[in-house]
Each structure stands twice: as structure tokens, then as C-alpha cells.
Amino acid sequence: MSRSFVRNSKFRHVFGQASKADQCYDDIRISQMTWDSNFCSVNPKFVAMIVDASGGGAFMVLPLSKTGRIDMSYPTVCGHTGPVLDIEFCPHNDNIIASGSEDCSVMIWEIPDGGLTSPLTDPVVKLEGHSKRVGLLSWHPTAHNVLMSAGCDNIIILWNVARGEAVRMDMHPDMIYSACWNRDGSRILTSCKDKTLRLLTPARGTVLFEKEKPHEGFRPVRAVFVSDGKILTTGFSRMSERQLALWDPKNFGEPLTLQELDTSSGVLLPFYDPDTGVVYLCGKGDSSIRYFEVTDEAPYVHYLSMYTSKESQKGMGYMPKRGLEVNKCEIARFYKLHERKCEPIVMTVPRKSDLFQEDLYPDTIGPEPSVEADEWFQGKDGKPILISLKDGFASTTKTKEFKVHKSLQSERLRARRQRSGRRGRSEVQSLRKEVKDLKAALEELTKRVRELESNK
């Protein structure tokens, strides 16, 4: 007589539930751009979404409480001259958001506490260094004012945002599909069109490990760090089946596990929760969210369940742990983008008790950085500063003010004005010369006409 054993896990019964209609954000024209970024970023204060815009690029930032129908005239952040491709809130200040665009620039914006009352066109900082469109952004998890950007020029740039400087650059041989930090920001993981995973040290830009062809297919590969420095990838097989794989960088020869999922065409975006060990896979164009638990036991990645709905997703935002309702045993919250709305989806562990569940909510990363940008670029590492969610999270991000070195910014502005002034003066001189030449030509023609008339 055979017995079937079910693996014991507290996350085995996690279920997803869409929010009610009055808790959604309606009548928002989500961007139709075909780009494999999240198109959405969220924190305990705001939700931001890339939207359609004529004559440039724009994104909308709404206070979380502003649910329901959004008026068409609601102001947007619209300073880019090309479509916006990626946005990400700063983890250390909920009012700061970065945006990358087809206009080759990265812009940093400061959103007022109550949200926008008029269109925002002037960024706090404009970062220029890419020669092609910028499609990937990621803030450093522990260092204040350090931002990573990746462009279609195959370059990753590490920015000191407060100084507006590109401090380090790393060249890849082909287009970069994904780039992310590990938990303390001491490593960078990239996937590239040349079918290679690279593990980099941001301090020196050296490549520690390379893995060729983590997936055999030609479609984009996504990669994220999971527990104990392991790497989880999503990609495609040679037969275009979507796959999930787990790798140990100490032994990159064979994957710890490789699972085939389905034959859909959308790139799977992985979201990993280090507190629970659960990874969520959301595919653009899919109408589902799969979730797995990553453990130390073979087969290492254990399928839990799947949330499904009728509508396909255009993008997905992922709420930081400090923005969840712990009294409802909420372990994750997604913000799913439809064509004309944004819908929160809550992942819950069913528990009967209303008490704080310590096993579900270990201390998690808070908003306080552990090192400043200048120190980090000089080689000082910073471990994450953890907070307890037992009594709910009280925001402390106001104390961490976003400061830009005004002297450096004003020098740049002055230099830009001088350049435009010189250009303006040279243009005026050129116009004066053209007018002078035209006058001389007109006098010559007039003289010639008079001579012809006198000869008749």
C-alpha cells in the first residue's frame, strides 16, 4: 500500500485575491510600448504607472488612497522627450522616483506628499551619459543615492545621484536584458543578449563568474538573487518552452533544478521575497501569477500555487514588505496593470488568529540606508538595516532628506547656459553676416536693373 507525502510548508495554502472594484485605479491609459520592464513601481505612499502620452514620455504617480476613477486631466510627470521605459521608487525616500527613457536620459523626481497638483516637468536631477535609450533602473539597496542604469548602448552606469555624476561604467558585448543587486549591494547580476549571465563586483567592475546559455532559447533571460547567494533565472528552451532554473555560483556547471512551465511567449518577471523564500513569476501578457518556495531541499524550487484571472497583465508593481497589512497575514501585494486600470492583488496566508505572526514576518529591510554614496564609492560596504513589523511600520523616510549638491548642479547649469550663450552669439553673428550678404546682393541687382533700363 503506497502513501503519498505532501511537503510540509506554511506557504502551501497561500492564495491570491484581487481587490474590489472601489479599491482599483480606473481610467488610466497604460503605455502601449513593447518593452519588458515592470511599467509600475509602488511603495507605502504612492503607486506609479507609465502611461501613454503624446509628444514625449510620461508616467502617473497616485497616492495609494486615491482609488476609483482617475480624471483624464490628472497631472503627470512629463519631462522626458521620448517614451518612458522604466520607473523605480527610491527605497530610502518614498517621495523620490527615477525614470529612464528613449531620450537616452535618466531623471530623478521628487513627488510632494499629497501627490501632484500640476504637471511635473522639471526633474530634481537629470543624469546624462547613455548614448541610446535607457530601459533598466535599479536603486542600491543599502547605499543612499546610488542608482544603476542600463541602456541599449550595452553599458551599465553607476550614478552618484546627489552629485549628478556617472562614477562607474561597465560595457557588455550586447544588449542587457536584466540587471539587479544582491541583498547588501555588494554584487551585480546581469543577463545579456549574448546568452551569458555575469556576476560582477560593482566596486571594481570585475566579472567574478560567467555562465553561458543558462537557457537554450533565443528569448530574453531574467535573473535574480535568491537565498544564500543562489541565482534564479527564467528563460526559454530551444523549443520555446518557458523555463525556471536555480543556480549555485560556486558550481555553475549544471543547474540545481530546471523546470519547464508552459509554451507562452511572454518574458517571466521574477519577484523574490527574501523573508519568506517565495518567488513570484509574472509574465507580460499572462493572466496569472505563479509562486514557488525556494528551500535547501531538493528539488530546491517547490511549486506552491497559481493566481489566475481573465484579464492579461501589461505590467506589475511589487509592494515592499513594510507596506503590507500584517494584521491580515498579507505576505505580498502586487499592482497589476490592465489596458485601462491598475488592480491590487493580495497574497495571504490563511490564519485564524488575529495576533502578529512572527514566523511570517521576520525582521525585514527598512528604509534607512547604512552608507552614503560617497563612502560606498570609496569602498565601504553597508549591511541592510532591519526593522520589525510587529507594531506596524511607521514611516521614518522624511528624516532622510534627498539632498542634491547645489554647487555642482549650479556649475552645470552655468556651463550649460554659457554653452547656449556662446551658441546663441555665434548664431546671431551668422545671421548678421547673411543679412549683410543679402543686402549686398540686393544692391548689386538694383544697380544692374538701373543699367539695363538706361540702355533702352
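Placement of Cβ uses the backbone N, Cα and C atoms for every residue, glycine included.
Any TrEMBL annotation is an automated prediction that lacks curation.
Pulled from TrEMBL, these are the features on record:
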DOMAIN    4-68  domain 'DUF1899'
REPEAT    77-119  repeat 'WD'
REPEAT    127-169  repeat 'WD'
COMPBIAS  404-413  compositional bias 'Basic and acidic residues'
REGION    404-431  region 'Disordered'
COMPBIAS  414-423  compositional bias 'Basic residues'
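Secondary structure of the repeat 'WD' (77-119) per DSSP, as helix, strand and coil residue counts: 0 helix, 22 strand, 21 coil. Break the repeat 'WD' (127-169) down by DSSP state and the numbers are 0 helix, 27 strand, 16 coil. Along the domain 'DUF1899' (4-68), the predicted structure has mean pLDDT 91. Taken residue by residue, the domain 'DUF1899' (4-68) breaks down under DSSP into 3 helix, 24 strand, 38 coil.
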